[in-house]
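What follows is a set of notes on a single structure, which appears directly below.
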Amino acid sequence: MTALNVLIYPDDHLKVVCEPVTKVNDAIRKIVDDMFDTMYQEKGIGLAAPQVDILQRIITIDVEGDKQNQFVLINPEILASEGETGIEEGCLSIPGFRALVPRKEKVTVRALDRDGKEFTLDADGLLAICIQHEIDHLNGILFVDYLSPLKRQRIKEKLIKYKKQIAKS
């Protein structure tokens, strides 16, 4: 297993609508394993494939961070949602920034697991928020897209400067 490089906003690949996975095979399972490694190394609770420059509809989630309740969602689709909630969200692709994002309190999602078997998951609380955040990534949407243009531009400018500093070191 290998940790992958996380793309930083405003990388254009973060704005791409990802393609569905056509077949879950060993190559896809390797991607899933590498995504979990990356997510834990970066101290995240969720990761979408486009964040590591893989433009396929794959999500890994572990809101507890203990490797006991891992979720793999391949080709996820929200079937139902209800309630209103929101928390200050962060994102591995937008380091150092957080913002309040409106989300649904509960979601029902259908997806494939790491073996290609279809399942349905009812989620609420942080898990529901994380699922929505990561599905947004698969659709080329970042949490900054929920912010005002001015706030989004300020974050973009700061992260461009941050990326230049990293490139120099």
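Just so it is clear, glycine is given a Cβ too, placed from its N, Cα and C backbone atoms.
Within 10 Å of the Cβ of CYS91 (Fe cation binding site) there are 26 other Cβ atoms, across all protein chains. As annotated by Swiss-Prot, Fe cation binding site applies to CYS91, HIS133, HIS137, with the evidence given as sequence analysis.
In sequence order, GLY46, LEU47, ALA48, ILE59, ILE61, LEU73, PRO76 make up the list of same-chain residues 6 or more apart from GLU134 (active site) whose Cβ falls under 8 Å from its Cβ. The active site feature in Swiss-Prot is assigned to GLU134; the stated evidence is sequence analysis.
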Coarse DSSP state, helix versus strand versus coil, of HIS137 (Fe cation binding site): helix
List of residues, in chain order, with Cβ under 8 A from that of HIS133 (Fe cation binding site) and at least 6 apart: GLY46, GLU89, CYS91, VAL101, ARG103, PHE143
Shell list (Fe cation; ref centroid = CB of CYS91, HIS133, HIS137; cutoff 8 A): GLY46, ALA48, GLN51, GLU89, LEU92, SER93, GLU134, ASP136, LEU142, PHE143
